[in-house]
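So the structure is just underneath, and the comments pick up after that.
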Amino acid sequence: MQPSLDVNQRIARISAHLQPLNSQMEDGSNLRRVNCRAKGGSPGFKVAILGAAGGIGQPLAMLIKMNPLVSILHLYDVVNTPGVTADISHMDTGAVVRGFLGKEQLEDALTGMDLVIIPAGVPRKPGMTRDDLFNINAGIVKTLCEGIAKCSPKAIVNLISNPVNSTVPIAAEVFKKAGTFDPNRLLGVTMLDVVRANTFVAEVLGLDPRDVDVPVVGGHAGVTILPLLSQVKPPYSFTPKEIDYLTDRIQNGGTEVVEAKAGAGSATLSMAYAAVKFADACLRALRGDAGIVQCAYVASQVTELPFFSSKVRLGRGGVEEVYALGPLNEYERAGLEKAKKELAASIEKGVSFARK
Ligand SMILES: NC(=O)c1ccc[n+]([C@@H]2O[C@H](COP(=O)([O-])OP(=O)(O)OC[C@H]3O[C@@H](n4cnc5c(N)ncnc54)[C@H](O)[C@@H]3O)[C@@H](O)[C@H]2O)c1
Ligand SMILES: O=C(O)C[C@H](O)C(=O)O
């Protein structure tokens, strides 16, 4: 971020980022229009969304465009970014929006970003596991991360593409190979599990979900999603029946949406909400706000596994502290063992794919 830049410097920087998206925007009048627009831009962070024309990408782009901490928003996809960009750019909020289409514009999309959010890749259909997406999404994530390593090596990366349990290790390997790996800047987004847990627990307790805080640790698939109901705030002692119901619903929340959508994809709107909540936490931390704690799937020493989701404290450098799990009850300890077994295999699968 360059909050101290004067208007002319800001315009110069923004102009340097102008892309011919937009080959249809290359004529002089359009460039003048873009410069006018840029003059209104406020100082703030530069955010790129990769997969911006998708089911998650579009509402996420809209919500990020509404975030006052964002001054530049780059929307990248292999299809449809001119339309999405034109649409979103008409919103009367501060961020200046640029669209980028296809692999040849990936590097321009990624140059100089503070935060890169990745919802690119195929979603599940009924009957599939997230791991069934590996064959397609692993390659997509690898290519995008190669671009990040080259053009935005210092950016915080929020990785949404499934299977997150494997795509985060893939990203780490790509960054290691490029010599740019900073474990504090790579975060797998498990926020939707927390959002669901807060919602479902609030339903059971008859509370407003905004007043509920459930830590969800482990990973982002089936039994690896481990809600720590013993640590819920406000404290509550659930019955064994409530624990079974809630654990099952939280672990299978994604499948609940996939089945309800009946072949039309997986969670997009609640995911965009969760992604922007998480991205906003990262941006506030980058700004220097203190005490920002969220659950995320990160490089970790909390267990013997190299990656694990738990509460982390965010700061200017990304993850500044990874918190231990705290006291677990017997039910949660058994869940943790199951989660670790599946996670170990998913991590290994990602690492060996990236090293091939
Ligand atoms: N982490 C989570 O909690 C969570 C939640 C929901 C969905 N997801 C995952 O997010 C991903 C996206 O879901 P969706 O519903 O938005 O899918 P979608 O198919 O609607 O959108 C995906 C977008 O990615 C784009 N894309 C494909 N290949 C690309 C590439 N090489 N570069 C850039 N963009 C590319 C597509 O063109 C499309 O616009 C899926 O893998 C899904 O499983 C994760
Ligand atoms: O379930 C899915 O496939 C998408 C996502 O991971 C979710 O939890 O909704």
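Our numbering is plain: 1 for the first residue shown, then up by one each step along the chain.
Every residue gets a Cβ built from N, Cα and C, even glycine.
Taken residue by residue with DSSP, HIS220 (active site, proton acceptor) is part of neither helix nor strand, so it is coil. With a cut-off of 8 Å between CB atoms and residues at least 6 apart in sequence, the same chain places ARG130, ASN162, PRO163, VAL164, ASN165, GLY188, VAL189, THR190, LEU192, ASP193, TYR297, SER309 near HIS220 (active site, proton acceptor), listed in sequence order. Here TrEMBL flags HIS220 as active site, proton acceptor.
The annotation NAD(+) binding site is assigned in TrEMBL to GLY51, ALA52, ALA53, GLY54, GLY55, ILE56, GLY57, ASP77, ASN137, ILE160, SER161, ASN162, MET271. Under the three-state DSSP scheme, SER161 (NAD(+) binding site) falls in the coil class.
For ARG124, ARG130, ASN162, ARG196, the entry in TrEMBL reads substrate binding site. In the three-state DSSP scheme, ARG196 (substrate binding site) falls into the helix class. Packing around ARG196 (substrate binding site) is summarised by its Cβ count: 26 other Cβ atoms lie within 10 angstroms of its Cβ, all protein chains included.
The domain 'Lactate/malate dehydrogenase N-terminal' annotation in TrEMBL covers 46-188.
The domain 'Lactate/malate dehydrogenase C-terminal' annotation in TrEMBL covers 190-353.
Counting other C-beta atoms within 10 Å of each candidate's C-beta, the binding-site residues ASN137, SER161, ASN162 are led by SER161.
By the rule that a residue counts when its Cβ sits under 6 Å from some atom of ligand 2, the binding-site residues ARG130, SER161, ASN162 yield ARG130, ASN162. The CA atom of ASN137 (NAD(+) binding site) is located 24 Å away from the CA atom of ARG196 (substrate binding site). Neighbour counts were taken as the number of other C-beta atoms within 10 angstroms of each residue's C-beta; across the binding-site residues GLY51, GLY55, GLY57, the minimum falls on GLY55. A separation of roughly 19 Å, to the nearest angstrom, links the Cα atoms of GLY55 (NAD(+) binding site) and ARG196 (substrate binding site).
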